[in-house]
């Protein structure tokens, strides 16, 4: 607790110094704070209808009150909506809307007591007694804090007063049994988690932090976010659940600080209430200079909320807001407000919220010196975001919901009670609820509004990029939209040309648990690591990965091998006895030379076939022998060159048959010579064998036997090309 006190004492030093300084810059830093408690954003509005014109001075007197600066973002849209409806001749003709509001400046029990006291004053009349020509049933608009709405619920239920709430949609308030007269104006945020994850995936992030409030809404958002991240392989670096209890938070503050400071993520999702311990958490983080890219909702919009803490960082902020068009005429309404009509307090508060430091003080350094005819027209030149945030837009729609419901009720009364007592607004809340529950209309912006809580539409989101420049200048640009009604893959639309980073370059910061593995490496997950975190290990031998962030390596085919970087498969060199090789060339030349030499001998035999020496060598057998020898020499060429299935079959069989012919021819010649020496006497069997040419039959008989053996061999084991791809690296033998 001492540490917290010291911390806030440090934060108060600039305010202390401002008391000794010209108010040119520091006047805009003095909030409207009461010494009795902390400022809590929120207003309670009471809407009623009267059957008489309303003077404009009526609203001037209502607005001329002291309220927290932040609450003007709710008061101005409500006043504008009431003024629009009162000018509209087709909506509530002859009926005017009036409003009162109560500002809840405190939290806790004091806020509850103040809310009850003010509501009791509004309902102090007897239930059946109507004073003036005013609605018997008032509509109460509460928010944006859940505590503000709940604190009045039990009291308003006594009168069955319709309670319209602005602020984020809360499932707790959807219980019709517990809150029968409460209506939430906000759209459901069912797809908020999906919208944020879609943005994360668009920028190829997978490592994000999460800071949420420790309540039912925070737990529901965490459940939705986990469902989306697990399906899309996005991991949460840390989850900080900030408790609502201040003392409990301070006891764990060091843990929360260590989580975000030591985390390697550059992207943090924020979801929770701005008026909670989350605000304290971010003040401390800003003081410590933590630089992250924040993804959050419009509640944390630094332009429209004007908090003392801002999510300014080097990378900026992405804010998701409910998509709606600009309200026509609202800028002119704010710009034409005349400060001279109000007290100093109002102008000071409005100036703190909307005026820039330099311009406001240079034009009117003191409130007394301001021109009586001055207006807020020059707001558009200042640091002012006139586009309504989600809460302000809900207030605007709440007024129109009340007007349309009352309009339908009056039409119904006119049709069923043509002759009335002149008290058309004399209806109790029970009758008004019947019409309010069935009310659905198109507001002036063009959006469909349905008050049936069971048929609430899902929110469409506008995505804004917010970042801070020097001297406190903050810029907010709409960069895209998310529509949950579009098909998957088409729900997110971003215009990246609208993105400008503080660094002056259009470069998105990365937020990855692990850097993607380069080609040649694969991911290696450890058991204790998250799914998005991994180590990179090189691919095994003869395996490659040719892309980044590869989960597995791919083995190269048999005819290929991995290169040194293991990111590409190379074709292996095929090694065989080629005619271009020295050995192949030598064998080829030898075979050709022997074939030519044998052919020359054959030519000599043919030329001298009539000579006695040639005839004595058995001319036919000599021809067969020489020709078979030629084919024997030439058949060796089948063993040289690129092997194929045909050459594999012909290599063995061709040489075997031709060589058998040559050997059988030599055998026949030998037997012929032996018989010639044995056949010395006529009439002997040897002579008959020699004369009949029996030795010549040896050649076909041996050849046929060889052919049969070759056929059996081919049938039993057909030869094929044998490839050895493993003995030598990078080679196929």
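Using N, Cα and C of the backbone, Cβ positions are placed for all residues, glycine too.
Summarising the annotation, TrEMBL assigns signal peptide to 1-19.
Residues or ranges marked as transmembrane segment in TrEMBL: 583-606 (among others). Using a Cβ-Cβ cut-off under 8 Å and counting only residues 6 or more beyond its ends in the same chain, the transmembrane segment (583-606) has close neighbours at 577, 614, 619, 622-623, 626-627, 629-630, 633-634, 636-637, 640-641.
Sequence annotations record features per position, and here TrEMBL assigns domain 'G-protein coupled receptors family 3 profile' to 583-733.
What TrEMBL records for 618-642 (among others) is transmembrane segment. Among residues of the same chain six or more beyond the transmembrane segment (618-642), those with a C-beta under 8 A of the stretch's C-beta atoms are 574, 576-579, 584, 587-588, 591-592, 594-595, 598-599, 601-602, 605-606, 609, 650-651, 654-655, 658-659, 661-662, 665-666, 668-669, 672, 696, 699.
According to TrEMBL, the transmembrane segment annotation covers 654-677 (among others). Sequence-distant contacts of the transmembrane segment (654-677) (same chain, six or more residues past either end, CB-CB distance under 8 Å): 617-618, 621-622, 624-625, 628-629, 631-632, 635-636, 638, 686, 689-690, 695-696, 698-699, 701-703, 705-707, 709-710.
Look at TrEMBL and you will find 697-716 (among others) tagged as transmembrane segment.
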Taken over the domain 'G-protein coupled receptors family 3 profile' (583-733), the model's mean pLDDT: 80
